[in-house]
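If you look up TrEMBL, you'll see A:187-221, A:222-257, A:258-288, A:294-328, A:329-363, A:364-398, A:399-433, A:434-462 marked as repeat 'PPR'.
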Amino acid sequence: MIISHLRAFIKFKGDSFLLPSQNPLSSSRFSPHAALLASLLHSNSFSNNGDRPLSRYQKVANLDDAFNLFDEMTQRRPLPSVVKFNQLLNAVAKMNHFSCSLDLFKQMCLIGVPVNEYSMSIAIKCCCQMSRTNDGFALLASCFRRAVVPNVYIFSTLLDGLVIEDRILEAENFFKKLIKQKLCEPDVVMYSTMIKGLCKFGNNDIAIGLLRLMDERGCKPNVVIYSTIIDSLCKDKLIEDAFKLFKEMVFAKGIQPDVITYNSLIHGLCNLCRWDEVSKLLKEMEEDLRISPDLHTFSILVDALCKEGRVDEAEAVIDIMVERRVVPDIVTYNTLIDGYCLRGEMTKARTLFDSLTSKGFVPNVVTYSSLLNGYCRSLKIEEAMHLFHEMTRKGLKPCIVTYSTMLQGLFRVGRCGAARKFFDEMQAQGLIPDECTYGIILDGFCNNHQVEEALSLFHLVA
DNA sequence: TTAGGGTTAG
């Protein structure tokens, strides 16, 4: 159903000058809902946002270029404006080199560049993205010394840092304090950050309450806010509530959904195996709204089909992706490898794994863990061990899932001693066992008639 | 001229 729908749409795209209702492949006529959706979409989609060409400071391609440019800037007299420094700082942060960006910020301060609220917010974001939100707050304190007045950008970034670190109570208190003490008026981004935090901790109802409140306070919710809550409801399998909110967003509020909104809904339906509705939604987004599925959409479909054991169809989806010039990424391939592994098709999994390099991909910790899991499930523990050592040799750091997978495999073949060693090694690496790890260990010892060992571990935990 | 939020894999 999904495959045939996606195939049909390739042909449909070829005739895209036709209105959906005129297209012979479109099974239903344009519904009033679809017409409204389409009018919403087309009314805003061609606005010019006035993009300027990027400056040389924003265009740096790699770290070396960034450092060279920074050095050159610091030699100039007079010094370039803080704007140029900020652009470079941000470009480095965008490359996910947060620590380097922070170093550049510190150097800016040392050489006397008059840093402003833009520089501060970039530096604070770097701290937060590295889970060093406390350092971000230290920078906030330094704003006062530097005569920089913190604004809603800076506060939102810090709030997001608390959410990233799962410090939800502190996030809530910080948010309330900002409002109560009138330190800033929250805008749509700050509300969305708070709502994301609430959703992350399962407080969907409070998140919806905040959505109502922001509206009452005159801050209009947008597609990001709605999509955040819709996604959370979908993840909690509250799909009817998600669709209710989706309809409210589109029909009552006149906010157009985008591909991210649809991806969340499609994912939610996939998790419930409601395939007919997945097809319907794909059709609606493509034919009525002209929103093309993207890499995420395809990865969600590939993953869902693999989990259902429908690996052949998952392969077909990847073929369709390629035909539509959506380039699969490592996530797509990891999903497929996992699909083969779950079906015990280790030769296929291995062949795909081995072909990744020639496709231009570097296997990551998830790729290795998936393949390891396949070997462990097939009781090919030596192959799993070999792969484990290969990944560490290549400089990949096994994570808690990798270790847990190995532990499960070792217990399956009765190698409790080796499992214990892995468990100790894992802790020596600074990895903290999670509930899943303990479950595997307890099961493993018990199934191998070493209840005492299991109990001793349990007492250790308790 | 420069800064903040939502979707995918083990």
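Every residue, even glycine, has its Cβ placed from backbone N, Cα and C.
The DSSP breakdown of the repeat 'PPR' (A:222-257), given as helix, strand and coil counts, is 27 helix, 0 strand, 9 coil. Mapped onto DSSP classes, the repeat 'PPR' (A:258-288) shows 27 helix, 0 strand, 4 coil. Across the repeat 'PPR' (A:399-433), the DSSP tally of helix, strand and coil residues reads 26 helix, 0 strand, 9 coil. Taken through DSSP, the repeat 'PPR' (A:434-462) splits into 24 helix, 0 strand, 5 coil.
Averaged across the repeat 'PPR' (A:364-398), pLDDT in this predicted model comes to 97.
Secondary structure of the repeat 'PPR' (A:294-328) per DSSP (helix as H, G, I; strand as E, B; remaining residues coil): 26 helix, 0 strand, 9 coil.
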